[in-house]
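Trainee: To start, I am sharing the structure in question, which I have written as structure tokens.
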Amino acid sequence: MFGLSVNHAYAGPGIFINDGTDDGCIWTFDKEDYSPIGDYFGNTAPADKDSAGRNSPASVKYHIPSIQQLGGAATLKCLSKDRDTQTDRVLFYGNSKEQGSISLTLGGELFVNNGNLGLGGGTDTKAMRIGSMATLTGPSGLRSLAIGAGEIATVASGDDAIAIGTAAQAAHVGSIALGLQSTTELPSLVKDVTINGIKLSAFAGSNPASVLSIGNDTLKRSITNVGAGRVSKDSTDAVNGRQLFAVSEQAASGWSLTVNGMDKSRVGPGDTVDLSNSDGNLVLSKKGKDVTFNLASDLKVTSLVAGNTFLDTNGLVITGGPSMTVSGIDAGQLKISHVADGAVTVTSTDAVNGSQLHRVAHTIAEHLGGDAHVNADGSVIGPQYTVQKKRYKTIYDAFGGVDENLANINDILHDIESGGGIKYFHANSIGADSRALGTNSIAVGSDSVASGEGSISVGNGAQASAHGSVALGENAAAPDANSVALGAGSKTSEVVATKGTTINGQYYDFAGDAPSGTVSVGDKGAERTITNVAAGRISVESTDAVNGSQLNAVNQAIENLAAGVTENDKFSVKYDRHSDGTKKNSMTLQGWDSATPVVLANVADGVHKNDAVNVSQLKAGLSTTLGEAKAYTDQTALQTLDQANAYTDKKFGKLNEDIVATRIEARQAAAIGLAAASLRYDDRPGKISAAIGGGFWRGEGAVALGLGHTSEDQRMRSNLSAATSGGNWGMGAGFSYTFN
């Protein structure tokens, strides 16, 4: 064995090596010749030349051993010349004898313990190899280090490589192989990695310069006692098990899922989170790893708030403004402008504007009659009605009067239904019974048939077969809807609409160009004249019949016009004409001075949309516009008035029909009474007589027919009569017997 020790006398700048086989030692001086250093046996060395005079008791370097004390000259074990004869060991010498450099030189290789430990290097590679002979003789890279024992070489063949451990192989530039049989590989470029479908990238140190290996393909090692590495996006430190455990704990804990901070639930690794929407307002879609959230085209929400606006299932409410809820519409005392004309029909729910409301008021006033009218400011002056010579100022009161009269009529009808009959109204026939086959139809007379819905058939053999048709008279026929056949043998034909006619190249439109039915007073080859026709109204909208005197007046007017055409042509207003003589759609008025505008005076009120208006109409229009603006109400009022209009139209239309029908029937009844009262029979015994009579009351006429019989003894008298008025027939019978 060899050992290295420093004498306790002085730990100076020299070393002494004893291999354990010599009694003396191998020694050397230090650079400044302070003293020799060697084995020391405890005796103080004398001051002689070999101790350089520094071994005296007074010297600060006292107790430094002498050559003799280190073995003595007799043994020749510690002599300076030993270096010339020594072959089995390395000698360390200073420069006191001028035989060696000032540094330690170990030669090309160092072998310790008979070669079991060696140290070698290469001058060319500047590498170092420490270990067994196999390691020392193995290949080496530039500036590499190989440390290893055993029969298998530890090789650091890569430049700047390090191999430590038996058979360790560091074959790549800058690589490190640590441990038994560890081998290195080329470094791998790791830009990213995919774990469970998740791509991780942007790694620090993703492009390593070399590798450190602590094993091989089959031999693996654990690295223990690793300090915790820095954990950051730029860190390239190794991490230990505790750090990975913390990551594992965190990963295993997953993450928490809450909704509005409530209902917390854990989502762990491997769990699936399903995204869904129950109300359909969100449309969720997934493409690859992307989840898209979109609003549905039709949102379904319970309520919605936007600023001061609130919308829910009850409707829309604007704070301090309008609202539209299931309870109705509240305009919030604000005006609604630019409302287009809404449809005004039985089924319409459109909003209407002020102009429509004004027209409604005007229409209501017209239908109310009784001098009702609309003022310029839109207000309505109520009507006054006269029912049976009594005046009423309200519809309610008028209805009361009508109801009173209807009650009287109902009493009369009740008497008829009860078999009491009507005075002076009788019927006599031995023919087939009448048949009212249509819904709400009336049939009167022998073999009279009313088969159309709402039809009326009166007279022997009369036929009313179409909807709303009326056949009045013997064998009268009304096969066309809403048509009337008047008189015996009369027959209606298909309705023909006459839109207008052209006179002298000018086309004229006719009113009543959409007739709903026709009235026939005869048939082909059996025509009738209509006499006693009252003069009808003559206007652009009139549909009244005109009589002969009116046509005569027209003829006279035409003759007068023809006489004055020539003279009037000089002063007439004419159309401008094209160069070919055809008329233009313009007129140029010119008086005595062509430079002075012409004033049109006494201009009538325009009627149609293209008629000229006069100043009065213009002022009225402006006044109406202002009145409409003042009368404009909110949406609720409009709807209410719209409903009131429809209701009023319906009720007043029905009322008008009932009143007219009641008035006509009352007058007809009076006429029938007069006609029946005028019948006279022969009172002579055994006589059968026939009578005819007529009656007229307030524009309604009636005809009565009757048969009378007086017995031979004049005790028994009987009669049978029938009367007609306005297409309605009545029958009556009477019988008397004298007992004494």
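Just so you know, glycine gets a Cβ as well, placed from its N, Cα and C.
Pulled these from Swiss-Prot:
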- 1-11: signal peptide (SIGNAL)
- 12-647: region 'Surface exposed passenger domain' (REGION)
- 648-686: region 'Outer membrane translocation of the passenger domain' (REGION)
- 686-696: transmembrane segment (TRANSMEM)
- 687-740: region 'Translocator domain' (REGION)
- 700-710: transmembrane segment (TRANSMEM)
- 719-725: transmembrane segment (TRANSMEM)
- 728-739: transmembrane segment (TRANSMEM)
Trainee: Pop the mean pLDDT for the region 'Surface exposed passenger domain' (12-647) in here, whole number is fine.
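Mentor: PLDDT averaged over the stretch: 75.
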Trainee: Count the residues of the region 'Translocator domain' (687-740) that DSSP assigns to helix (H, G, I), to strand (E, B) and to coil, and report the three numbers in that order.
Mentor: 0 helix, 41 strand, 13 coil
Trainee: Where DSSP helix means H, G or I and strand means E or B, what are the helix, strand and coil counts for the region 'Outer membrane translocation of the passenger domain' (648-686)?
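Mentor: Tallied per class, the region 'Outer membrane translocation of the passenger domain' (648-686) gives 30 helix, 0 strand, 9 coil.
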